[in-house]
Amino acid sequence: MESITLDIELLQLPETSPMSMKSNQDFVKKLFDQWLALPETNRLVTSLVNDAKAGVALNVMCGGGSSGTNSGSNSPLASMFPARNGPPLSPRNSTGSPRIARQRTGLSNLSSPLKVVSDHVKELIPQFYFEDGRPPPNDLKEQCIAKINSLFYGHEDGLQLQEFKLVTTEICKVPSFFSTSIFKKVDTNNTGFVKREDFIDYWVKGNMLTKEITSQVFTILKQPDHNYLVQDDFKPVLQELLATHPGLEFLQGTPEFQDRYAETVIYRIYYYINRSGNGHLTLRELKRGNLVDAMQHADEEEDINKVLRYFSYEHFYVIYCKFWELDTDHDFLIDKENLIRYSNHALTYRIVDRIFSQVPRKFTSKTEGKMGYEDFVYFILAEEDKSSEPSLEYWFKCIDLDANGVLTRNELQFFYEEQLHRMECMAQEAVLFEDILCQLFDMVKPEDEGFICLNDLKGSKLSGNVFNILFNLNKFMAFETRDPFLIRQERANPTWTEWDRFAHREYIRLSMEEDVEDASNGSAEAWDDSLEVPF
């Protein structure tokens, strides 16, 4: 019988299950017979038998090098099965076999292809994670140190706080009102001076230089043992903003309003950015928000009211005045009856009950049955900016009576019933719930026609109107009549949010009321003066 020459590569077959091998025993036996008939196989078997009799360990060359008697290209096994084709064949497990001999002599003589590959890959892939930040390249490091040298030149004892501001803006490139925070991070001994060497240790050797600005801001603000920001971490930068910003200079004579302004800014930051609601603002949340951009805008813009995100004084003024109007006894707390008067009794009792049940958010107020100023800030932002995701989440929790994550027909009807009753009492044309239900589903277009989930609301531009229909009568009627004033305002400032437009309207109203009050007080004083009889 003429021998058949086989391509060795054909022996490198995919792993086959035992069941399939049993069903093709004739083919396997034929293949094995053909392999045994090869001249190379005859030499291999003879060599292995002789080595086994002599007690010589089997050494196979695997992709690198191996040591031993039969290693190298002259080995019959290596010539038939080159290392590049895969791992060596495993010999039969029998007494005196090469496998037993290898166990006796140790594993050091057999190279591992996996180890070779791992070492090679380790050499090719550079380190990409640095726990304390990526070290700066030498050229960047040298450029930064040269700038530092120029700013510290002639100040052997170091820079004082006022002199350090230039370092904050030109070296650190963060907003100028971060100067005090950075200064205290470097001046750990409270000497009142920052030395050149100490600043290099903090900024360059501490790898702050290579961090992007959001990570820099996060690191500057947070406490050393924290990996998150708490509200108090923002107070130093806001105090410096109040002390240095030209648009807030007029508040320097009223420290109590400076404190209220700073608190309001912090509450607004946490409302929009701290989506977990746990009071711990993470780096990931900070990166997803727009706070750093707003900080840079506030640093560059002299008119603080143009910084609509977080820092506008006019926005603070509106929030504080709305709270003060409701807080009739001025104990800085609001109860349920106070809140029901919000926006000329626009809200239903049922939705106010849900708010005071602390369903959408736990009150920070320690007085039972009353909300504090922070709680009110969250409420008014949710009420007047219903297109934002935090607002949608706030009101969704209120309407979701059984907290199962979906709004059903019964839940929607429960809240609309009070709206319907109010319309009837005011002799207005009532809209039946069946018609409202169709309108709500047309606006939201939920994936499931049987209920509305939070993602459905987040995917619709009309979601805010859904909640207005359910529990805010004033906004519901304005939506039904398509208030032309609101339409003009939207067209005039298309980039503004609902909150921006509301705050603008309210600030104008409050300013006009204050002007009228001032004029009234002035005329009364003049009238009193005219009645005085000189002596």
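Going from the start of the chain as shown, residues are counted 1 onward.
Yeah, the Cβs are placed from backbone N, Cα and C, and that goes for glycine too.
Residues or ranges marked as region 'Disordered' in Swiss-Prot: 67-104. Per Swiss-Prot, the feature domain 'EF-hand 1' maps to 174-209; the stated evidence is sequence analysis. Per Swiss-Prot, the feature domain 'EF-hand 2' maps to 387-422; the stated evidence is sequence analysis. The Ca(2+) binding site annotation in Swiss-Prot covers ASP400, ASP402, ASN404, GLU411 and is backed by sequence analysis.
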Requested in this report: Compile a sequence-ordered list of residues in the same chain as GLU411 (Ca(2+) binding site), six or more apart from it, whose Cβ lies below 8 A from its Cβ; state 'none' when nothing qualifies.
Outcome: ILE399, ASP400, LEU401, ASP402
Report task. Give the residue counts of the domain 'EF-hand 2' (387-422) per reduced DSSP state, in the order helix, strand, coil. Result -> 25 helix, 2 strand, 9 coil
Query raised in the report: Once ASP400, ASP402, ASN404, GLU411 are set aside, which residues in the chain still have Cβ within 8 Å of the Cβ centroid of the Ca(2+) site?
Result: ILE399, LEU401, ALA403, GLY405, VAL406, LEU407, THR408
Query raised in the report: What mean pLDDT score does the domain 'EF-hand 2' (387-422) have in the model?
Result: 96
Requested in this report: Tell me, if you would, which residue among ASP400, ASP402 (binding-site residues) has the fewest other CB atoms within 10 Å in the structure shown?
Outcome: ASP402
Query - Secondary structure tally of the domain 'EF-hand 1' (174-209) (DSSP, helix then strand then coil) - result: 19 helix, 1 strand, 16 coil
Report task. For ASN404 (Ca(2+) binding site), just count the other CB atoms lying within 10 A of its CB, please. Result -> 11
